[in-house]
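*Asks:* Structure below; questions to follow.
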Protein chains: 2
Amino acid sequence: MYRMIRTATVGLLALGLAGTATAAELKPEEQIQYRQAGYAFMAWNMGKIKANLDGNYSQPQVQAAAETIRAIANSGMGALYGPGTDQNIGDVKTRVKPSMFTEREEVGRLAMNFINAANELAEVAALGDEAEVKSAFGAVGKSCKACHDQFRAD
Amino acid sequence: MYRMIRTATVGLLALGLAGTATAAELKPEEQIQYRQAGYAFMAWNMGKIKANLDGNYSQPQVQAAAETIRAIANSGMGALYGPGTDQNIGDVKTRVKPSMFTEREEVGRLAMNFINAANELAEVAALGDEAEVKSAFGAVGKSCKACHDQFRAD
């Protein structure tokens, strides 16, 4: 992670902006690291929502977390599963199963379920009803797990 | 360091976007990894916007990328700079300078500049004027660099 961030931000510094980086131009190991970053950051935000549901509920914090999950879910992460990203590359490890690159219909179905669940969570989080958030949060968790169960190695 | 956390998130608190931190429940190394994930995922999305500005402009892709940067910027990442996260922890490396944990006012100022720039970028990206996006994108890049220059080791 550290190395990847260094690489990613070297471009930002050098240009004062960002380096060119369409998925096609990214190395496979960069694609793996970026997608893992997205999942990790969603996990942090899922954890925050869970902590809110289990303890004192802060509507603004839950809303911000849900907005983040929604945005990442809709950011086009499919582009980070390019050729060569189906296996470990040096120190860059991935737990993705090869079947994720062949069972396209099923992957698409699961991805849409996840995106829809994330959109729904963000919508109810903005309204602030804790019971509705709990239900929508559970649906997001299930949509995550459905993909992990099928396409992530233990 | 607790003071630093409060200051780093003061802008977020002012906006009602941070609540009681669950960061206290995260190990320092987890906080470092989550914050690096956030920056890495923003870097990917900055790169996508840059590529769009340099090549064929896809308004939906730029909007999705800008929404992601806005959401992450507003997700309360200040909570991920807790006690013990000012140094490497085993294999988990950080380039943060110790001054980030003491120069509270400056960190808060830079954080607010970044959040404001990210919010502006998302707003103009939704409208679709490429020249305005280019300008707002440059402002975000500058706000990133301003913090890197002061608080990130080479």
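Every residue gets a Cβ built from N, Cα and C, even glycine.
Annotation comment: TrEMBL describes B:1-23 as signal peptide. Look at TrEMBL and you will find B:Cys144, B:Cys147, B:His148 tagged as heme c binding site.
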*Asks:* When a 10 Å sphere is centred on the Cβ of B:His148 (heme c binding site), how many other Cβ atoms does it contain?
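*Replies:* Cβ-Cβ neighbours of B:His148 (heme c binding site) within 10 Å number 17.
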*Asks:* What count of other C-beta atoms do you get within 10 angstroms of the C-beta of B:Cys147 (heme c binding site), across all chains shown?
*Replies:* 17
*Asks:* Sorted by position, what residues of the same chain at least six away from B:Cys144 (heme c binding site) have a C-beta under 8 A from it?
*Replies:* B:Met46, B:Phe114
*Asks:* Check the DSSP secondary structure of B:His148 (heme c binding site), expressed as helix, strand or coil.
*Replies:* helix
